Amino acid sequence: MLTALSMSAIATNGKVPAGGSYFMISRSIGPAFGGAVGILFYLGTTIASAMYLVGAVEVFLKYIFPQASLFGDITSDAALFNNTRVYGTILLFTVMCCVFMGIRFVSRFAAVSLAAVLISILCVYLGVFTVNPSRSPYVCALGGRLLSQDFITVNGTAQCHKNTTGPIYEAYCNNREIATEESCEFFNANNISYFPAMPGLTSKKFFENFFESHYREKGEAYDSIDFPADRKYGQGPNIADVTSSFMLLLGIYFPSVTGIMAGSNRSGDLTNPQKSIPLGTILAITMTSLVYLSSPLLFAAICDGSVMRDKFGESYGGILLVAAFAWPHFWVILIGSCLSTIGAGLQSLTGAPRLLQAIAQDNVMPFLDVFKVITKRGEPLRAQLLCYGIAQLGILIASIDHLTPLITMFFLMCYGFVNLASMLNGFLKEPSWRPRFRFYHWFLSFVGLCLCIALMFISSWYYTIVAWALAFAIYKYIEFRGASKEWGDATRGLQMSTAKQAILKLGNKPIHTKNWRPQILVYLPLDENFQARHDRLLDLVYQLKAGHGLTLVASILEGDIIDRRNDMIAVKAHLSDLIQQHRIKGLAEVLVASTIDEGMKNMAQCAGLGNLRHNTLMVSYPEDWRVDCKSSGSKLSKFISTLRAAQACDIAMLVPKGIDLFPLSKGNQMIGNVDVWCIVHDGGLLLLTSYLLMRNRVWRKCHLRIFVVATEDDDIVNLKKDMTKFMYDLRINASVEVVAMSTADISAYVTQRTASIEQRRALLMQMKISNVEARCDPQLIVDQHRKPSSVDINPADIIKSNCSIDSHKLLPAISATSTESSDQSPDHATNVTNTSSSDSASKEDTKPSNMKPDTESNNKSISNHSHHCTVSFATGSNVAVSESDKSTNPKENDTNSELNRGINEFTFSPSNPLTKLVQKAAKEAGSKEEHLLNKAHPGKITRTQRRLHCAVRLNELLRTHSSESDLVIVNMPGPSRTLGSEYYYMDYIETLTDGLSRILLVRGTGREVITAFSE
């Protein structure tokens, strides 16, 4: 009844075409669930038709016409099963002919079957109230054990006595073949009784039969007498032919009440399914429940207990128990039973093909497409033929007891999912859930679901496992091959509600270290045909799938959303196909913006929700960035704008260089080295990225090497020891190497590193990390072995310590270029030396002999701000200037301040802002060098200084150690926020990565903390 209430609510929540229970389940909880349950329900209905026909044959052979046996005595199982196979095949063919005639003919026969059932039920209840000892058959018992009527009958007369001339004495004491001393002793020790099998309601048998249990193993006697029961002594009625228990009997009995879905299976043939299904189902269950519940109670009140346990009625002539006391004659019950079972089988064979045709019509399982075809009369002929074949297999099994447990599992699973569908819809209360049927509640559906699952395990736990395994296999098949339908089911509603609750519960709280994962936003550029460029980015994303983050693959269209709506839809569909092809668990998004730069800024700010915001941006490196690099819409400007947007939004960056050389996800495995260069530890993204890659099949066989960059004054030995231990604590299998470099060589990354240990620890504490974990941060390990330096440094000293060319040599060289021949190379135009910071400091007071005295002070000012060749891309870090270094000239102080800002912003070589400042200082001094500097070509200076760039030293180390590696992962310095330095920044990256095929540039935000702790 609970299932009927749930089904009524679903059936009245919309139109129900063909498909019945399958349609209701699939539209309520999704095509995958509906298809899995629908297939099993179809199999259950088809096999149930075989069960009904086997039951009809059994009634015919055992109770109507036993003489029709083709294989001897039907009391033996072998003879009964063989007869059932033959007659069942004939009956199945006859029934299928009726099915082929169409639904109208079946409906007419159903009326005849229904009339027979109603008349039979009426006769049974009349017999219950009219049966008495005079109308009851009599049974014979020896010592309480019933004897078969055939055993005691001689010449048509029952001889139930202990006379020596009777058949009982002959079998127990006189027959040399079967008689034994024990049997004769049993005969002599017990009395023989002859009593009515159904004494009636006045016999007070109800309480005697109600409380006693008689569950037995197969072959055991129902009583506790020591003498073993044996059929050769006529004791067949007392022997259990199958093992009996509550669970087993429930599984055998349950299919008799599975007809509640018969009406819903024919929903396509009903005029008004929303009215007929609830009304017909509830009335049918009410009537059958009254019959099924009252029958065993009334039988227990009128029958002897041992007679009810006589399965085939051998003790009272081999007729049905219910037919024996029916009024007016037992033939009414026998004919009614036979017709009712045939009618039930006919109904099953009519509804099952339509169920299969509805499943095939939905295209949820591609291999079922052949069964969607129907005839001109609307009959699913192909599905009917398949049902015929499956039912024939059930007929060949022949044993009802072996068919019913499996059928029970299939029907219970269907009922359970009907309750589940109603429960989910009622609990979620979606706006689309508006059933006309009001007598339901989601909790009642939940109780029904629990009862169905409990009954499955109670009936047969191993059949339950088989049924669930089949359902799971079908579910996964539909999910991966055919579940492309979207019907607005409750499962999707549950997912939406769960997702909303999860996002709200996460809130805006900082993510714990262990829960941090890269939520990758992939920018996939498009060509003029809306095809993706560099789709190997998706292969790289797939290889990082071990991060289990939310991936968003995005593209940007230039223009207006009103004009490019159709293009946006087409591109989004293309991106979705690419995501599916590359097996990425992510989403596709397309943004229409006025420019690519604006689109990237908007995407970086708005992508994601709450703590599911994307924290990592992946873009491909523009290999041809020099093309039109001076235009505002060039690849150079777009790339730098993307980096700045990510930096402003605190989003980490993954920039693969040479993406077309990266391996495919389905390609060959790499077997070389994966090198990670930790020039500065910016939070752990370097290590985490390498670890995630190593978990993928493509990189699994590679050897991971960690190169930690330290300065020449650091404690390298202990640093390597501590970093090796740290890698062990992180459970990362990698070898650690420490590479020493000068501070000038890594100055591009200096401002990216946290200035002090306490500042770094404050960041970690803000991210909810304990003090113990904070002490084990990789950057703090490096800082602990680093020689401390003063914070208050004269900006002129910064220039001196990082200088490769002294300004006192630069200006004379420029002067010399004006007098030398035009074919002289820039290398000879400047005096190039690679000196240490101490050498530069010792030479700062050296003056060229051709300097004029009146410009000496100004030249000294320029010389003190000698040419700076290192990189420090971060902005806003103004270094304090000591009072002793301040000039008394206000203009000179202003010049120094501007020079300091330029030093903090430009990247390397004489950038345009610095050149202009130098020119301004020279002009104010009125020196002769002003004319020479303005006359010199800046390009020559840039090309010359590029060879001395500090990136060359880094690149030499990278090529020395990692030129043969399959992948190099290295820190990417942040870009300057000063406009005009983009070209030099890209030139630095090119120099840094020169000669390396596969480079993954990584820039973290400092919040990607990787931890070695479990709390």
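Each residue, glycine too, has its Cβ placed from N, Cα and C.
Within the set 86-103, 464-481, the record from TrEMBL flags 86-103 under the feature transmembrane segment. Within the set 239-262, 719-742, the record from TrEMBL flags 239-262 under the feature transmembrane segment. DSSP labels the residues of the domain 'SLC12A transporter C-terminal' (536-660) in these numbers: 58 helix, 25 strand, 42 coil. Sequence-distant contacts of the transmembrane segment (86-103) (same chain, six or more residues past either end, CB-CB distance under 8 Å): 49-50, 53-54, 56-57, 60-61, 68, 70, 109, 266, 269, 342, 345-346, 349-350, 353, 377-379, 381, 384, 388, 391-392, 395, 398.
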